[in-house]
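Enquirer: My questions will all concern the structure given below.
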Amino acid sequence: MERRHASASAAAAGRLVLLSSLLLLTTAANGHNITRILAKFPEFSTFNHYLTITHLAGEINSRETITVCAVDNAAMNTLLAKHLSISVIKNVLSLHILLDYFGAKKLHQITNGTALAATMYQATGSAPGSSGFVNITDMKGGKVAFGAEDAGNLDAAFVKSVKEIPYNISVIQISKILSSPDAEAPTPGPAEMNLTNIMSRHGCKFFADTLSGTEAEKTYMDNLDGGLTIFCPSDDAFKGFLGKYKNLTAEGKTSFLLYHGMPIYQSLIMLKSNNGLMNTLATDGAKKYAITVQNDGEQVTLETKINTAKITGTIIDQQPLAIYTIDEALLPKELYKAGLSPAPAPAPEAKGKKSSKKHHHGSPPAPDTSDSGPSPADSPDDDVADQEADSNDGGSRFESGRLVSVVIGLWLASSLL
Ligand SMILES: *[C@@H]1O[C@H](CO)[C@@H](O)[C@H](O)[C@H]1NC(C)=O
Ligand SMILES: *[C@@H]1O[C@H](CO)[C@@H](O)[C@H](O)[C@H]1NC(C)=O
Ligand SMILES: *[C@@H]1O[C@H](CO)[C@@H](O)[C@H](O)[C@H]1NC(C)=O
Ligand SMILES: *[C@@H]1O[C@H](CO)[C@@H](O)[C@H](O)[C@H]1NC(C)=O
Ligand SMILES: *[C@@H]1O[C@H](CO)[C@@H](O)[C@H](O)[C@H]1NC(C)=O
Ligand SMILES: *[C@@H]1O[C@H](CO)[C@@H](O)[C@H](O)[C@H]1NC(C)=O
C-alpha cells in the first residue's frame, strides 16, 4: 500500500518535473552560453568576437538544439582579409550555425552518408532561394566534409569536437570558412535602402504610402546610419486608421509618424532583453512620446498610455536597420488624449536627433552596434511565420486598469470619427 502510494506520488512528481521542464523549454533561455564555451579556447577568439558583435551569440544561446561550426583565428583572418561589411560577415557566420545537433558521432554516422543541414542563415530569411543549407558528407577514411549548398563544393573538413552538451549544443571545429557566393554577396548599405519600398513589399503599404515624401521620412533616413528601428502597422491595422490620421494637424502627423521609429538598432532579442521605457524619434524632452517595451511571454509588446501593440513579424533585421510589423497603430497620449479633437502636438525636434535625456526608470539601451552583444533572456523567434502564428492567438492579457484605458482610448478614438 505504502509503496503504491509512494510510486503514485513519484509519478505525480515526475509529471510535475516534466511539466515544469516543458515550461522551461518554452519560456526560459537554455543554459548554454557560446561566448563562455569558446572563451576557453584562444584559437577561436576571433570567431568568438565576431559572434558577439554580429549579435549571433544571443541567437545561438536562445536556441535549443544547435551546432556551431567554429573556425580558428587563421581561418577567420582569411575571411576578414576580404573586407566584408559587418552585415555580410553576419550572413557568412550564420551559415556556420546548424539548426540541429551534430556531435562527432552523428557526423560520422550520417544516414546514407550525406545530408543537408538547415542553418541560421536560411532561417533568418536573408538567404536567397534555397541557399543557406550546408551539405555534410561522410568521406573515405573517416573524414567528414562540409560545403555550402550554393557553392557546390565540399572543401571544408571536420577537425574536432570542441564541446558537446548532448542534444542542446555541439561546438565543432571545421578546417575553413564555408565559402558561399550568396552569403558573401554585398548587402545594400543603409543609404541605398528605400524604407518605404521595403515596408510596402511586406504588408505595410498604407503606412509606407503615408510616410512617403514627408518630413518624417527624411528624419528616418537621417537616422539610418546610426541605427534605426521602425514599427510599422500592418495594412489591416492601418487602413481603418487613415481617417483619424488625416485629421491630425501637420505637426501631429509628423509626430505620429516619428512615434513609430526608434533612433537605435534593436534586434528582436535585444527588445526582449531590454524591457522598459524607450525614446522614439518623436521624443522631445523627458517622457514625451515614449514607448514601453514589454514582454508578454514570448511576445514583445509596445505600450503607449493609450494602447498596446504586438510585434507580429520581422520585415528586415540587418544591422543597423530593423523593421517590424505591429498589429495596431501606436497612439501617443500627446495626440490622443481626452477631448474630442486631437490635441495640438508640440513640434518634434526638427531633425529627430536622439534625445540624450534619460528617463529615470527607463532602461535606455542605446546599444553600441559595434560591441558587446545582447544578453538574451528569452528564446528568440525571428521567424516571421511563427510570429504571425503567435499573433493569431489574439491572447493579449491586460491588467484591468490597462483594459479600461484601452477601452477609453478606443472610445475616444471612435468618437473622433
Ligand atoms: C539541455 O537543455 C534543457 C532545457 O533546454 C535542460 O533542461 C538540460 O539540462 C540541458 N542539458 C544539459 C546536459 O545541459
Ligand atoms: C555569457 O558569457 C559571457 C562571458 O563569460 C558573459 O559576459 C555574458 O554575460 C554571458 N551571457 C549570458 C546571456 O549569460
Ligand atoms: C536513404 O536512402 C534511401 C534509398 O535511396 C531513401 O529511401 C531514404 O529516404 C534515405 N534516407 C535519408 C535520411 O535521406
Ligand atoms: C552533397 O554534395 C555531394 C557532392 O556534391 C553530392 O553528391 C550529394 O548528393 C550532396 N548531398 C545532398 C544531401 O544533397
Ligand atoms: C523610394 O522608392 C519610391 C518608388 O520606388 C520613390 O518614389 C521614393 O522617392 C523612394 N524614396 C527614397 C527616399 O528614395
Ligand atoms: C475629422 O474631423 C472632422 C471635423 O472635426 C470630423 O467631422 C470628422 O468626423 C473627423 N474624422 C475622423 C475620421 O476622425
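Note: Cβ is positioned from N, Cα and C throughout, glycine not excepted.
Take a look at what TrEMBL says about it:
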{"type": "COMPBIAS", "residues": "353-362", "note": "compositional bias 'Basic residues'"}
{"type": "COMPBIAS", "residues": "368-378", "note": "compositional bias 'Low complexity'"}
{"type": "COMPBIAS", "residues": "379-391", "note": "compositional bias 'Acidic residues'"}
{"type": "DOMAIN", "residues": "31-178", "note": "domain 'FAS1'"}
{"type": "DOMAIN", "residues": "191-330", "note": "domain 'FAS1'"}
{"type": "REGION", "residues": "341-398", "note": "region 'Disordered'"}
{"type": "SIGNAL", "residues": "1-31", "note": "signal peptide"}
Enquirer: Please list, for the domain 'FAS1' (31-178), how many residues fall into helix, strand and coil according to DSSP.
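Expert: Summed by class, the stretch gives 60 helix, 40 strand, 48 coil.
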Enquirer: For the domain 'FAS1' (191-330), what does DSSP give as the number of helix, strand and coil residues?
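Expert: Helix, strand, coil within the domain 'FAS1' (191-330): 51 helix, 41 strand, 48 coil.
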Enquirer: Calculate the per-residue pLDDT averaged over the domain 'FAS1' (31-178) and state the result as an integer.
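Expert: Over the domain 'FAS1' (31-178), the predicted model scores a mean pLDDT of 94.
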